[in-house]
Amino acid sequence: MEEQTLKVQKIRNGIVIDHIPCGMALKVLKILNINGDIGSTVSLVMHVKSRMGCKDVVKIEDRFLDEREIDKIALIAPTATVNVIENYKVVNKHKVELPDEIVGIVKCMNPRCITNQREPVVSEFKVISKNPVILKCKYCEREMGVEDIIENIL
Ligand code: CTP
Ligand code: ZN
C-alpha cells in the first residue's frame, strides 16, 4: 500500500480528489475544465491498488472547488473523497454526496425538452438511482445514465 501511495508527491496547497472509481480521472479533469492551459501543477494516477480494489487519484495544486464542482464530481465519481490541503496537511476531508435533485448542472439530452427551447427554464433532474447514477428530467421525464450525463454536463 505504502509503495502505491508514494507514486505521486504530496502537495503543499490545493486539493486531492481521492477514491475516484478506476478509469474516471480524466473525466473528472474534463468536468473541472482542466486542460493543458492550467498554470498550476496537476498530478494524476490511474489504476492504483486500494482497499476497494482499484482507484484513480487527482491532485491539483493551488486550486479549490465550489459546491457546483463538487456536485459534478459526485455525479460521475460517487465514491470520491475531496481533501483540502494546506501547508502539506489535510485540513478538510469529505466524501462527495449526490443530492436528490440536480439543478442547472446537466443539460437534458432530449432536444425537444422545454429546457432546450429558447425559454428561461433551468434544467432539473430527480436522482432516481445513485448506483449506477440515473437522472430523470423533471420536465420531459427522459432518463439519463452516466455516459449521457458526462456528455451533457454544463
Ligand atoms: N495528500 C497529498 N498531499 C498532502 C497530504 C495528503 O497529496 N500534503 C494525499 C494523500 O496522498 C492521500 C490523500 O491526500 O491520497 C488523503 O490524505 P490522507 O488523509 O493523509 O490519507 P488517508 O488517510 O489514506 O486517506 P483516506 O482515509 O481518505 O483514504
Ligand atoms: Zn428534459
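A Cβ is built for glycine as well, from the same backbone N, Cα and C atoms used for every other residue.
Now, the feature entries from TrEMBL:
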DOMAIN    6-97  domain 'Aspartate carbamoyltransferase regulatory subunit N-terminal'
DOMAIN    101-149  domain 'Aspartate carbamoyltransferase regulatory subunit C-terminal'
BINDING   Cys108, Cys113, Cys137, Cys140  Zn(2+) binding site
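Other residues of the chain with a Cβ within 8 Å of the Cβ centroid of Cys108, Cys113, Cys137, Cys140, the Zn(2+) site, are Met109, Asn110, Ile114, Thr115, Asn116, Ser123, Lys138, Tyr139, Glu141, Arg142. Each residue in the domain 'Aspartate carbamoyltransferase regulatory subunit C-terminal' (101-149) has a pLDDT score, and their mean in this model is 95.
For the binding-site residues given as Cys108, Cys113, Cys137, Cys140, the lowest number of other CB atoms within 10 Å of the residue's CB is seen at Cys140.
Secondary structure at Cys140 (Zn(2+) binding site), taken from DSSP and collapsed to helix, strand or coil, is coil.
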